[in-house]
Amino acid sequence: METAERVNLLGLDGAALSDLVGQWGGKPFRARQLQRWIHQRGADSFDAMTDLARDFRGQLAQQCRIQALPVNTEQRSSDGTRKWLFDVGQGNAIETVFIPEDDRGTLCVSSQAGCAVNCRFCSTGHQGFNRNLTSSEIIGQLWWAKRVLEADAGTARLGGAGNDDTRVVSNVVMMGMGEPLLNYDQLLPALRLMLDDNAYGLSRRRVTVSTSGVVPMMDRLSRDCPVALAVSLHAPTDALRDELVPLNKKYPLAELLAACERYLASAPRDFITFEYCMLDGINDTDQHARALIQVARQVRCKLNLIPFNPFPASGLKRSPSARVKVFAQRLMDAGIVTTVRKTRGDDIDAACGQLAGEVRDRTRVAQRNAGRTIPIAQVQA
């Protein structure tokens, strides 16, 4: 019972940790020391913090804890991608993915156990929704991955956070399970820790929040913690996006694009990334490309085309590679900066849209999906 009542320091940002230490009469520099031990050195025991006074360490041990989520499984892909399944209790589990590349190491972090947005092409959405993650559970994914990856690479650091080009985890994308902006109050302290020089010290350009288009929270993020922004677009018209991304019925394209333009005033990059999952016969025709060009010209953006990663419940197919290339070329010919995402980790179900974890659904999403009677292929561009 005592352990459950102790404060988990893992999810406290710098201000909250300073407030806590201040309640005990401690100086702000003590909070910074503590933060460096936890997030830069990966300490999970107060006894290891030898430059802190013994009495202070004793007080910490009595009233606080450093506790990440239990790891159920780890899988490794043939391409080097790694996926961890974290137990979040009551029969639920979330997934976190590390994607190594020559010039970076990207960690894909989850924000919810499941997702209530229920996008048609996303395995997480088909699992339904159980609960939001806490800030400790969000940042704990980075804390764990950093410890494990640096230990494996033999590069664990005893000093500062390093620079973005030398650390094992150089980029974080909030593109795992869940809609981050529907868990804003827990997301915000986690983002602040990612950016804090006494924690992970990542630049704002290297932390990306992906959203399906929660317009009010996009505005709040631009004020509170403007990091790079990616928007799950996936359709160039409201009619089609209503079917693919049901949140569009609440925040249609005109509102979403206006919010993107507002966000750019504070963004660390001079463009918004639009994510577009390529679905065979659904959103990949010449007509869709022409409509998408008109959308893209309204906001400074980059288009990221994502080959669909099939899963049984979707009833959808991946666009053929040749069609994806033609689609991308039409966008580029129109002057739209366009990339095609390379599929990584699909042999361990770690690719984009495949994360499902284990979710005890509280939203009866399967029943709602069964009630959809309009074949999506009939929706016109």
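We count from 1, first residue shown onward.
Cβ from N, Cα, C; glycine included.
As recorded in Swiss-Prot, the features of this protein are as follows:
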- Cys108-Cys352: disulfide bond (DISULFID)
- Cys115, Cys119, Cys122: [4Fe-4S] cluster binding site (BINDING)
- Gly178, Glu179, Ser210, Ser232, Leu233, His234, Asn309: S-adenosyl-L-methionine binding site (BINDING)
- Cys352: active site, S-methylcysteine intermediate (ACT_SITE)
Legend entry - CB within-chain contacts under 8 A for Gly178 (S-adenosyl-L-methionine binding site), separation at least 6: Ser110, Ser111, Gln112, Ala113, Gly114, Cys115, Thr124, Asn132, Leu133
Inset, instruction - Among all chains shown, work out which of the binding-site residues Ser210, Ser232, Asn309 has the most CB atoms within 10 A of its CB. - result: Ser232
Inset, instruction - Measure from the Cβ of Cys115 ([4Fe-4S] cluster binding site) and count the other Cβ atoms within 10 Å, all protein chains considered. - result: 28
Legend entry - Chain-internal residues near His234 (S-adenosyl-L-methionine binding site), provided their CB is under 8 angstroms and they sit 6+ positions away: Cys119, Phe121, Arg241, Leu244, Val245, Glu275, Tyr276, Cys277, Asn283
Inset, instruction - Which residue among the recorded positions Cys108, Cys119, Cys122 has the fewest other Cβ atoms within 10 Å of its Cβ, if you could check? - result: Cys119
Legend entry - Listed recorded positions among Cys108, Glu179, Ser210, Leu233, Asn309 whose Cα sits within 10 Å of Cys122 ([4Fe-4S] cluster binding site): Asn309
Inset, instruction - For Ser210 (S-adenosyl-L-methionine binding site), name the DSSP secondary structure in the helix/strand/coil scheme. - result: strand
Legend entry - Number of Cβ atoms other than its own within 10 Å, given for Glu179 (S-adenosyl-L-methionine binding site): 27
